[in-house]
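Q: I'd like to ask you about the structure that follows.
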Amino acid sequence: MVDIYGLVVALILGIVEGLTEFLPVSSTGHMILVSYMLGFNNDKTKIFEVLIQLGSILAVIIICKQRWFLLFGLNLKKWEIYQHNINHGSRLHLYHIILGLIPSSILGLMFYEQIKSFFEPKYVMYSLILGSLLLLISQLIHDKKPRATCIDDISYLQAFLIGCFQCFALLPGFSRSGATISGGMLVGVSSDAAFEFSFLLAVPMIFGATILDLYRHLPVLSLDDIPMFIIGFITAFLVALITIKLFWRIIKGMSFIPFVLYRFLLVIVFYLILI
């Protein structure tokens, strides 16, 4: 029998995921808090929140496919929304992505169980505050004349350091995009370049986390869960695709201050709800 309420929850969480995945506000944090409000907080919740992120990642792969083809030494017709930033003699390649993945991959595997224990609303609120402080610091003290003005200028060391900042995002509520963009700005990368590099890092990072969660939680899942996962996945994909296409250039040039204020407001709202 189809669980109508479960499908509605999946639809809502898919919308939340698609809207927030690439903003520095933490999509995982939003989904945990919204899941709690909707009463969807059983053993399957944690893996569902990771699985539907694949929908957003598919949207990124489609929109950024030219860059991915170049990373693998291939070429494709030029039509991406940020195509003007792509140099077909690109100096960015897979080594940059691998270096950016190493720190968080190691810590994620070593402390998997401990990290999952933080998937609770109260910890999300703490992480939202900490992530806001990093966003604020990077906004105030970043280099006004960055050494890497476009994504192809990012060095191996900068890629690795951005990956180190990504480790903060292992805490739900911190924001993976917020951590990587802020980290990039603090190590001499322009906000535009850090934003694009954050997009590329998201694909293997979230895909790897999903595979690991599936492996760990497979016994908890059943065939009855498939419709809910499909609804969440498709919704997240479509909403993320629309959001990225509409707001790519706007988000890249924005100050972090509105996001910092939003995150603090979100903490206050959910604190009042949870007490």
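In case you wondered, yes, glycine gets a Cβ from its N, Cα and C as well.
Pasting the feature list from Swiss-Prot:
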- 4-24: transmembrane segment (TRANSMEM)
- 54-74: transmembrane segment (TRANSMEM)
- 92-112: transmembrane segment (TRANSMEM)
- 123-143: transmembrane segment (TRANSMEM)
- 154-174: transmembrane segment (TRANSMEM)
- 194-214: transmembrane segment (TRANSMEM)
- 228-248: transmembrane segment (TRANSMEM)
- 255-275: transmembrane segment (TRANSMEM)
Q: With contact taken as 3 or more Cβ pairs under 8 angstroms (pairs 6 or more apart in sequence), are the transmembrane segment (255-275) and the transmembrane segment (194-214) in contact?
A: no
Q: Determine whether the transmembrane segment (154-174) and the transmembrane segment (54-74) share at least three Cβ pairs under 8 Å, counting only pairs 6 or more apart in sequence.
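A: Contact between the transmembrane segment (54-74) and the transmembrane segment (154-174): absent, because fewer than 3 Cβ pairs are under 8 Å.
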Q: Are the transmembrane segment (54-74) and the transmembrane segment (228-248) close enough that 3 or more Cβ pairs fall under 8 Å, when only pairs 6 or more apart in sequence count?
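A: They are in contact.
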Q: Could you give the residue numbers and ranges of same-chain residues that sit at least 6 residues beyond the transmembrane segment (123-143) on either side and whose C-beta is under 8 angstroms from one of its C-beta atoms?
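A: Same-chain residues near the transmembrane segment (123-143) but 6 or more away: 24, 26, 29, 32-33, 165, 168, 171-175, 178-179, 181-183, 185-186, 188, 191, 255-257, 259-260, 263-264, 266-267, 270-271, 274.
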